[in-house]
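So the structure is just underneath, and the comments pick up after that.
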Amino acid sequence: MHIVKPDWLRHTLAGELRDHEVYSCDVSPDGKRLVTAAGDSYVRLWSTESVYRSLDGDYTGPKQLAALSNHSGTIHSVRFSPNNKYLASGADDKIVCIYGLDPTPPAQTQTFGSNEAPPVENWRVLRRLVGHDNDVQDIAWSYDSSILISVGLDSKVVVWSGHSFEKLKTLSQHQSHVKGITFDPAGKYFATCSDDRTIKIFRFYSPPPNATAHDQVSNFMLEQTISAPFIGSPLTTYFRRCSWSPDGLHIAAANAMNGPVSSVAIITRGTWDSAINFIGHEGPVEVCSFCPRIFHKDKTDPSVEHHQPSITVVACGGQDKSLSIWNTSLTRPQVITQALSGKPISDLCWSPDGEKLFVTTLDGGILTVIFEPGELGYVAPLIENDKALSRYGAGRKAGIVEGPEALLLEEFSKADELKGVQGRMGELMGDSGTQIVVNGNSGPTTNGTTPATNGTSNAMDLDKPSQSVPEPKVNQLKQRVEIVGGKKRVKPLLISATTAPISNLPQTQLVANTTQSLRVGDGPHAVLDLSKPYDGLPKGGLTGLLIGNKRKWADITADEEKRTEKRFGASVKDGAAPLLINGENGLVPPSMVDRALLTAPPVINPALVTSQMRLATPVLRSVILRTADGSDPAKAGETEATSDVVMLEARNATGPSRTGRAQDRDPTRINCTKQGISLWQDYLPRPVSLVTGNSHFWAAGCEDGSLYVWTPAGRRLLNAFILEAQPVIMDCRGWWLMAITAVGQAHVWNIKTLSSPHPPVSLAPIFDVAVLSGGPHLSATPGIAFGRLNSNGRIIVGMTNGDGYSYNPGMFVWQRLSEQWFAVGSQYWNTTDSAISNIQASAPNGTSHDDGDDEFISAENISAGIIPLLERNTTAQTLLRGRAYFLQRLIKQLLVAEGFEGFEANVSVAHLENRLAAAMALGAKDELKIYLMMYAKRIGAEGLKAKIEELLRTLLGDIFDEDGTEVKPADVKAQGWNTKEKEILGWNRMDLLRDVVLILGKHRDIQRLTVPYSRLLGVGEERLPIEDANMKE
């Protein structure tokens, strides 16, 4: 090992007598350039060959290649991109500059006001990235150059696109200055080091070149926070530059502590623990740098397979001005150089070959440590790096679970796939045991040899060189050329009806075409490059082939010279794609089209043509949110990290088309998150208009009428539902899913049983009633205020005219549960009644709902509260808006009119009976008892003996006939009130009967009806209190 320090390798401005502090250095991927950054605001590029040959007097090549002064302050970090295309620098002016090498030679003149020598290479500033609020301390590129990350004293981690240099995301997880950043060579993680005494590991996937900030919301997620090795670490270091090992297994973390001693913590991948520490530095370590190459202890022949253990080498430096070099094969440092400089070491970087180390110090020194071959070990081939990183999914586009189980599963999958490939190849090559069909005859193999065909052995055919068989494509092209009149002409080529591709490989003669045509392959028949137009059909497809693509321009007023047509035609010649509207009379520019025509629904289903019903479609929003528990999503600016609510987000495309065609929109991204962490993602080719879901499933409705269902883990549970029109209302309760389409069809499915309780039902009857009830006077068109499901899969619809409906699947009819008639005429119309609004959610069997119950997941998945909800809607739509003004006048006049003396009482009783029937139909257990007690009080006060007797007999269940004989159960099972079961909607019949008898017992005029029931129940023997305290008087 020897150290090289040329006297000309420094940052010194002309006329100054001191060297500026050098804060960073890096070597280009090709090893030809060294770049340094210092306090003189210059980025200087040097020839590495001139450094290596600094003692060679015969060297006449350039030394300094360029000096770039584009920052207004001290430059803290400079890094080459791994693809050797860009150079990035970050400084205390809060700016990150991106440079590119211009192939044109630079001007051989000095910059005005500068004494710098003319540059050898022409480096230009391509972008200036503004995203930090304080000094930029460190920057790093991902190993595929897809992203650039900068960190700074503003505690921010800013992610930039490595292609467009657009800011993709800002991470603010750190609580103090961020002073270091390193990337996982496998391309799965990156780590940031901060003065908050933590290292944070972020998981990411490489974004595509056209990625935007909206696409990367769920990318760059926090994976792990490591704080144990840094407890008590000093905050006086200028940097905390960590490094990731080339095999992806370890992170070398600077400025760690092992008790009271400064150390370098070695963090193990996966477990993220730090059982290994490098101890020896007397001061805090500021920078660590792993050598990019893997070493072997012994020299090996690359052509011979070997099994030597891999060795990684790391260099460390810091405030004690010493350099130490460690490797994984020794327990002590391999190299220690003390007092290497007069001030702390600021940065370290290795050459691509792994045998040179560049060191920068704050006293202005730039040193090169050159190792002899074999001194650190023998450099292993680059294939060893790839093999080591393949364990963590490097080189694969798809993600992989890092664990032995996942790797074992992958090996079995590959073995099974290889077995299938070998079987197919054996059949093609005519292996023994394969029955071959030749000319329609089947003949078995004999002694492992295949039968001869047409007198020629198959082996001879296989031995013929492939060059002797002309390629079919070449023959076709030759046959298309003909000479007519001394000129070459190309014949038209017939478009074949088959879609099978023509293989470029030599075709075997052993398998007949009939066998190949009958075989179904595992993969697609052809792979089409969709980025290029398919030349089989013209641009307009089959329609363009038949009737042509040309469309005449419409006659534009005051444009007799057709200037508009010429202007658009000229733009097409330049390669542009102008936007034109295909109007009724021809092509016109968009500015000349009535805007009302552009607001038509994006998709018109053929069902819309015949349907007499139209519902307003929801506005296509860019972002749609839905929580699993039905609560409101967090508002903008509020943190989601403290909430355990699972949220589904549908993000539709908002930007222009990437292909130039309006129909080629970006797919819709479906993202499920919890506490800001993405649980799963999916993409839909069509814009999403509605989403819904709970803890059982998620569902999304698209504008083309399709509906998708996912499990909570993101697995597509069913194939897409194709509805007759776009869904306008979606809701779910438990395992039930409802969708109401734009043509008024309501669908209900049970996702658990994969069934539907009834065929799609039309909302036309309730709309017809709403239209008729509006009267001849001018009023707003009736519409749907809301659509809901109850826990039994019943459809609940609230109308804008105040009516509320439910569909009865057993009777196949709509039932009206709430209307303004009762709102005006009933004495019991009170939507704020505390006895109803404070109902506790309970299951039909009387037990409270559990979080783990399958059918009752949350408070919204119950039937209790639906009737008050519908009545509140009636109040809001009619009474509060004044729509029932004339009806109220009519009721007031009827109350004093002759012949309507009992009008209000009858309407009130009818209202209670309507509530009872609704509670029974919806299965609302708690509401049923409350309304039953209210109904018993009312009919008792009114003295309606017939209704009282019928109610008592119904509650008793008709177990005795009029002659006292026991009634045998009928063959047909009764439902509702007439059921022969011992319970009615979860309530014991005898308990309900006892409560009703106690309420009616105070009315003497009906005691002849109630006493027999009280005797049967034994009410006179002991005093039984009424269960509901609210029913007491």
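Each residue, glycine too, has its Cβ placed from N, Cα and C.
Per-residue pLDDT, averaged over the repeat 'WD' (22-50), rounds to 93. Summarising the annotation, TrEMBL assigns repeat 'WD' to 22-50 (among others).
Among the features that TrEMBL reports, domain 'CAF1B/HIR1 beta-propeller' is placed at 22-376.
The annotation repeat 'WD' is assigned in TrEMBL to 68-109 (among others).
The repeat 'WD' feature in TrEMBL is assigned to 129-170 (among others). Non-local neighbours of the repeat 'WD' (129-170) in the same chain are 73, 76-83, 85-86, 88-92, 94-98, 176-185, 187, 190, 192, 194, 196, 202, 204, 206-207, 209-213, 216-217, 219-220, 239, 241; each lies 6+ residues outside the stretch with a CB under 8 Å from one of its CB atoms.
Sequence annotations record features per position, and here TrEMBL assigns repeat 'WD' to 171-202 (among others). In the repeat 'WD' (171-202), the DSSP tally of helix, strand and coil residues is 0 helix, 18 strand, 14 coil.
Feature annotation from TrEMBL assigns region 'Disordered' to 441-473.
Residues or ranges marked as compositional bias 'Low complexity' in TrEMBL: 441-459.
What TrEMBL lists as domain 'Protein HIRA-like C-terminal' is 714-955.
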Check your understanding: So, do the repeat 'WD' (68-109) and the repeat 'WD' (171-202) meet, by the test of 3 or more Cβ pairs under 8 Å (sequence gap 6 or more)?
Key -> no
Revision key, fill the gap. DSSP tally for the repeat 'WD' (68-109), helix/strand/coil in that order, comes to 0 helix, 21 strand, 21 coil
Revision key, fill the gap. The DSSP breakdown of the repeat 'WD' (129-170) into helix, strand and coil residues is 0 helix, 23 strand, 19 coil
